[in-house]
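Asker: One structure follows; several queries about it will come next.
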Amino acid sequence: MRYAARLEDATNLSAWPSEGCVDLKASTDFYLARGIFADSEPDYLGDKEEYDEEDGDEEDGGLGDNISIISKARDLQIREKDDVVLPCETEGDNIQIIWLKDKTILFTDMIRSGKDKRYERLDNGSLKISKVTAEDTGNYTCQIAIQSKPSITHQLKVLIAPRIVNWNHGLKKTLNKGESLSLSCSATGYPQPSISWSRKQGRRMPNGEETIDGDSVTFEDVSRKHGGVYECLATNNVGDPATSSVEVEIKYAPEIEIEKAIVNSGEGSDAELVCEVHADPRPKVGWFKDGVAIAHTPDKFKISHAGSKHLLTIINTQKSDFGNYTCHANNSMGRVDKVVRLSGEPSPARYISGEELENGQKLNWLVESHSPVSKFTLKYRNRKGGNWMEVHPPVENPEGNLYSVEQNLELTPGEYEAILLSENTYGWSDPSIPHLFNYTMLEPGKRKKLKAAGGGGILLLEEQVEETSGAPSSVLSMHLGYNMTVKSSCSLGVESDACLRDIEKYKEDFQAGAPWALRMFDSATKMPSGILDGNVLQMGNYDECLSVQGPPPVSSDDSSFTGLFCRVKITELTLPELKTLHSLRDLNRTHVLQYMHLPLLHYLEKSQGGDVRDLSLQWAACAPSTCGAEGLETVAEYNLNLLLAEIGGSVQVEAVQKSCFAIGDGSDEFDPAAWGLVGLASFICLLVVLSSAYDYYTSSKGVKPANRVLLAFSAQKNLTELFYIPDDLPSGILPCLNGIRVLSLCWVLLGHRYHVQTDMANINALQIPKVANVPINMIMLNAYLSVETFFLLSGLLVAYTNCIRANKGQSFNLIQYYVNRYVRLTVPLALLVYFLATMSDKVVRGPLMDLYIDSDAQVCRDNWWATLLYVNNYVNNLAVCGGQTWYLTVDMQLALLAPIIIFPLIKWPKPTMYVISFLTLASVAAAFATTYINELFWTNPFGPGGLNFWLYLYSNTPMRAAPFLVGMGLGYILSNKSLVQKMRLTTWQVYVGWVLNTALCLAVVFTLAIAYQDGYEYDKLEAAFYGSLHRLGWSLGIAWVIFACTAGYGGEKFCQYQYGL
């Protein structure tokens, strides 16, 4: 029969394609051509043989009716290297089975189509795959070779255990502190593995989590806390997880943590001072007292360490041993000192417990003192404006070194705070942490017991009111929706009924979770981190506060309102285990002073005439705009006390009224003066348009302008001249000045950018002085030298231009000189002053407006005349309109005095040059004396002390005259070509000149680093020498550069770079 013939033909190996995997389409075409998969239509076979329908039904159709596959299709997941059997059991006789993987034939009946011996056709028709691999994943089809082609398809997925690939970190990775750490890891497997990162030895990840999910992790600004062994873990629940690890080593300068900043001891006792030092590379650690290194002596000083803890044990302490001890550590990355004070005074008292009585409060404290206590002083007051009261608890016999202190206070209901001080033969202890408590007059027969929470702070955490039987009746506690427990509420003392209603509405809606109230709360400052590191100025979210829209009025008594933004001063902030802070000044003079690195402590202690910056804590607050400063204080205290109550803290605030702003409050409305400036600007714009139009008309028509004045405001003409770069400069021009101007201006911008930032909101303000410890930063800290360059250029051009004119036979016109100078500078300066006085506080708004823009605007309104008359460095010189105008004033004053030198310099140059030299030395001597007598810093200080430096030296014209005079002398030399020719230098003299000049300039810039190093003790003689000579040295250095470039001794291409124009 035809079917049997075709089947026999198909099983003939010589009729098959060559051995190997065969494309399904090609194979199917092959089978069709051979007649195996023939359809009922003859045309599909490609021939014209006609089949008898009856014949076909008899043979093909009858056979297919008795053949079927009884196995069911399966989805199988098999682990790698396991064996799997794909079933294909059939019913019927003489059945021929074909197995395919996806589109590739594996078996035709029992005939293998490939070389892979792992595939095995079983007698029952099933397919066995041994030791499956990832490549075996796919669809496997069992098909019976008959016309109806019955088949089943199994889906096989091979489960692959994870494998980590592309690991390029090696076994160890080393970084320096402050750099970024990036780790990445990828893995293969099925299912696709998930990747997580962790640290070994039970350490959490730097962000505090046990693990971080994801292929990569990145940490910016790494510190020692980022070190450790990081492990990448890939898992997919198949086999064992895959891991790779890398040890991350962070190189960093020593960091010291003091266990106790003040160690209290007594004569005859042993005292132990502890500092914990972390560093990599391993540091050298030593102890010092009064600058003298302490050596290990078994009978007096025992120095030891256990791991990172370094101990100094002082045996048999004597009175002479009391004082400050310095723990010093250094390695190749840097050095650091921390101070521990050994004191014989009592330790600060520790609050233990209290009991509220019918007529007052009982307080219990614990004091440690190694010497007999002679007196206790308990101070207390009502926190709502009461005066401090004092009582003296009796001194009881101690138990060892511990004194128990108990005192009953007769009180009226209210909120109170109390502190305890102790005195022994060595003096008074530091005040205890303030204990804050509420007293409510109890009913007769009842009492309230209070227990200390943590180490102190507000004790409103748990208040149990007891009957005389002792059964607790209530616990003060109210919970907000976000699991914050409110322990107290503040009383309202505000200035209007509308404000009172809106505050109450705010409190209600806040607890109910209303979006507007949450935004008002969210825009204000919360308890920030880093207060002890100088994070004292928090600006909140200014725009969010102003955008708050209160709820719509529901009655005629209600009012609509927006957000009112103000900064508030934290007048009192109490935290557990911390003194009550009124400002960072408190910190500077107590704990922080012992370990902060300020190279200018000399000035901080003296306060330099009040020059120490306002270090008060200032945070942002937001309240309804219907309130004023008093209402805002209420809202601010309410918000902050909600947060602080959980940790036993409290806060009192005072609004900075000048900082308050709300949309529509009228503070940004234009007054007549502001509209006058708008009119003036509009008029100037109109002149520009008209002049530009006239310029275009005349140039396009080829018409000569009727008058050049008509083109004075032409945008085309002025922009063309502004950006014109000539190929050749006229004779008499000093092209090297162009490059020097540009470089000096860039230096001015760099220095001011960093100095201005020190007065802004910084989260680590107390770390700013550490910038000065790095010598390379003198480039920023000594950027004031760029001003000396401009003074020198000013003096040079004044002398050079007038001497050149004299050489050409032109006389010196004094009146023209003065008028030219004044008008050229004063017109643009007047526009700037006008803008600062009238518009600057209208067009810009922000959280620090009152500190910068508003204050400057008021200064310009008051002192505009002093600026325009160029006397603002002597008249109201603490209130200068436009801080940068001091330079214009000093420069103008020097220029106005310059004719005293110019006239004789033209007529009698040689003796006048001696006079210039004498005046230069006189200016240097005056600066020396001023620095020495007033104990000023070496230069304009990076930190406190700047006020006196400004008054006595920085803005004082005679003190700044030396560079200007050097410039005048240089100007005369350059104007006299014959003199320049006489000063001709040999090649070796030029080389020596450049080397010495470079050394001089570098020494001037970087010698200042000495004064900023840790441990440097201020010496007014050293300060006077540097303060008086560094300006002269820098001026001489720049003078050499200008002379050398002009005379052809090198540097011409760099200094004369044409784009410097």
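Each Cβ is built from the backbone N, Cα and C atoms, and glycine gets one as well.
Annotated compositional bias 'Acidic residues' per TrEMBL: 43-62, in sequence order. Residues or ranges marked as region 'Disordered' in TrEMBL: 43-64. Positions annotated as domain 'Ig-like' by TrEMBL: 65-153, 162-249, 254-343. Taken from TrEMBL, the feature transmembrane segment applies to 673-694, 732-750, 779-801, 822-840, 886-906, 913-933, 953-974, 994-1012, 1032-1051.
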Asker: If you average per-residue pLDDT over the domain 'Ig-like' (254-343), what number do you get?
Answerer: 87
Asker: Quick check: do the transmembrane segment (1032-1051) and the transmembrane segment (779-801) share at least 3 Cβ pairs under 8 Å, counting only pairs 6+ apart in sequence?
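Answerer: These two stretches do touch.
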Asker: Would you kindly list the residues that approach the transmembrane segment (822-840) from elsewhere in its chain, counting only those six or more residues past its ends and only Cβ-Cβ distances under 8 Å?
Answerer: 671, 673-674, 676-677, 680, 853, 856-857, 860-861, 864, 867-868, 881-882, 885, 888, 892
Asker: Using DSSP, how many residues in the domain 'Ig-like' (162-249) fall into helix, strand and coil?
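Answerer: Residue counts for the domain 'Ig-like' (162-249) by secondary structure: 3 helix, 46 strand, 39 coil.
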Asker: Answer with yes or no whether the transmembrane segment (779-801) touches the transmembrane segment (953-974) by the criterion of at least three Cβ pairs under 8 A, sequence separation 6 or more.
Answerer: yes
Asker: Near the transmembrane segment (886-906), which residues from the same chain, at least 6 beyond its ends, have a CB less than 8 A from one of its CBs?
Answerer: 787, 790-791, 794-795, 798-799, 802-803, 806, 812, 814, 817-818, 821-822, 825, 829, 867, 870-873, 880, 912-913, 915-916, 954-955, 957, 960-961, 964-965, 968, 972
Asker: With DSSP helix as H/G/I and strand as E/B, how many residues of the domain 'Ig-like' (254-343) fall in helix, strand and coil?
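Answerer: Residue counts for the domain 'Ig-like' (254-343) by secondary structure: 3 helix, 58 strand, 29 coil.
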Asker: Can you work out which residues elsewhere in the same chain, 6+ from the ends of the transmembrane segment (673-694), have a Cβ less than 8 Å from its Cβ atoms?
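Answerer: Same-chain contacts beyond the ends: 705, 710-716, 834-835, 837-839, 842.
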Asker: Under an 8 Å Cβ to Cβ limit, what residues of the same chain, 6 or more beyond the ends of the transmembrane segment (779-801), are close to it?
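Answerer: The answer is 734, 737, 740-741, 744-745, 747-748, 750-752, 754-755, 771-772, 887, 890-891, 894-895, 898, 901-902, 905, 939-940, 942, 960, 963-972, 974-975, 1004-1006, 1008, 1012, 1030-1031, 1034-1035, 1038-1039, 1042.
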